[in-house]
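**Q** Annotations for this protein, taken from TrEMBL, read as follows:
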type	residues	note
DOMAIN	1-27	domain 'V(D)J recombination-activating protein 1 DNA-binding'
DOMAIN	28-100	domain 'V(D)J recombination-activating protein 1 pre-RNase H'
DOMAIN	104-236	domain 'V(D)J recombination-activating protein 1 RNase H'
DOMAIN	238-300	domain 'V(D)J recombination-activating protein 1 ZnC2'
DOMAIN	302-464	domain 'V(D)J recombination-activating protein 1 ZnH2'
DOMAIN	472-497	domain 'V(D)J recombination-activating protein 1 C-terminal'
Amino acid sequence: TSGRQIFQPLHTLRNAEKELLPGYHQFEWQPALKNVSSSWDVGIIDGLSGWTTFVEDVPADTISRRFRYDVALVSALKDLEEDIMEGLRERGLDDSICTSGFTVVVKESCDGMGDVSEKHGNGPAVPEKAVRFSFTIMSVSIRVEGEDDGITIFQEPKPNSELSCRPLCLMFVDESDHETLTAILGPVVAERKAMMESRLIISVGGLLRSFRFFFRGTGYDEKMVREMEGLEASGSTYVCTLCDSTRAEASQNMVLHSITRSHDENLERYEIWRKNPFSESADELRDRVKGVSAKPFMETLPTLDALHCDIGNATEFYKIFQDEIGEVYQRSNPSREERRRWRSTLDKQLRNKLKLKPVMRMNGNYARRLMTREAVEVVCELVPSEERREALKRLMDLYVQMKPVWRSTCPSRDCPDQLCRYSYNSQQFADLLSTTFKYRYDGKITNYLHKTLAHVPEIIERDGSIGAWASEGNESGNKLFRRFRKMNARQSRTFEL
C-alpha cells in the first residue's frame, strides 16, 4: 500500500466501468412497479430519498447512499449475461424460444459494523458505526413448456465471496438504532415487495426476456434477525428465532424441535401483543406471543447463520475448557479470581502450543482454530482427570463431525456421510452435555448451540444448504468497506486528501 488510490470517484470512471454500475441498462417491469419510478437510468441515490418529511418529523441524522433495488438487480443480471447464455447452451435449450419463465433467487444480507471512524492517528475516535445491506444472485432457473420442474441454468459457485455479494445500501447508523435503520431500509422493503408482484423485462443475449424474483433474507446474524422480526433481544428466555422453545425447555430437550416461526406468524403475534384481546397479564401475554413484542419490519427466512454459529459455539467450548481446567463439576460457584486464573492458564497454553493469541472478542479465524482435535489435545494436558479428558475429546470429536454439515455450500455433495449421521451425532452430543457437563446446561443453553443441535437437519432438508446462505460474503465486503474508507491509514505513511 504505497498510498496510491486505486478506487476512483464516479465522475472519472471510463465507460466500460460505468456499464458495471447500476443505472446503465434499459429495462421495464410488467406490470409497472407500485410507487417506484419507471426511469431506469438511476445511479446512486440518497438513502433517505423516498421519505417525505412532515413538520413534526425529526429528520434522520445520518448519511446513507444506496442504489434503487430494481436497478441494482438489473445490473447484476446483465453482469451474469454470459453465464446465463452459456447455461442455456449447456442444457441444450434454444435461446430464441426461452424468452420467459426465468426465475432468479436472491440472497439478502445485512450487517452492522463497529467503529468505522477515520484513523489518522490523532484526535478522539468518534463512535461512527455503519450498516451494509447487500444481495447475491444465488441461482437463475427456467421453466420449460411441458416440464414440471425448473432447470437451473446458473448457480453461484462462490456464494460466500465478496465478489458475488453486491452492495445495495450503505448507511452510517448504529444497527441498534431501530428507528433510523427501519426508516432507511423502509423504501428498500417497499421496492422488494413491489418486485415480487411483477416481472422484469430485460434484454439478455440480444432478446427481451422476462424474469421473476424470489428474495431470501438469510444473511443476517441473530441480533439483526431479532431486530427485523420483532423478537426480544438474544438474552431473552425465548432462545430461538426458529422455534418457540424457552431456554429451560431447550436445555432439557436439546434435539427434538421443529421450525415453527415465520414472518407472517410474527406479524399476527405482534397484533395480539398490541391489542391484548384476552386481557391477560403482561406475563401471560408474553407467553402467548412467545416474545414477539415489536412490529416485524422485514421478512427474513428463519435459518442458522453458519459464521456466527461457529463463533457462538467456539465461545461456549472456550468456557467449557476453562471450567474443566478448574474442575467446576466437583464444586459450586467458584470465585471471580479463580475463573480469571483458569482463563489465563488456558490462554497461555493455547498461545504456547498452538500460537493462538488471546482475543478480546471471539472472531471467525480464532473459532476455526479452537474447534479442532489438536486444540482439544492441548487443552487436555491441563485437565487432571483421565475420565474428563476422554469426555472432552469425545465432545470435540462429535462436533468436528457435525460442523461440515452446516458449513459446506452443498452438504449432500461434499459430506454425505456426516449429513446422514447428523441427527445421531447431535443426539450423542446432547446426551454428553446433559450428563457429563450437566453443571453448565442445567436450565440454560446458548442460542446457537440449541440451533446447532435441534434445527440443522430440517433447514438442510428445506434449503439444501446452510453454508451457502450464510452472511459471510457480506462480512468479507465489510473489509472492502474499511479499505474504501482508508481505515488502513495506520499502515500507510502517506496522508491523502
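Every residue, even glycine, has its Cβ placed from backbone N, Cα and C.
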**Q** Please compute the mean pLDDT of the model over the domain 'V(D)J recombination-activating protein 1 RNase H' (104-236).
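**A** PLDDT averaged over the stretch: 90.
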**Q** Per DSSP, how many helix, strand and coil residues does the domain 'V(D)J recombination-activating protein 1 pre-RNase H' (28-100) have?
**A** 21 helix, 8 strand, 44 coil
**Q** Please spell out the DSSP helix, strand and coil residue counts for the domain 'V(D)J recombination-activating protein 1 ZnC2' (238-300).
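**A** The domain 'V(D)J recombination-activating protein 1 ZnC2' (238-300) comes out at 27 helix, 3 strand, 33 coil.
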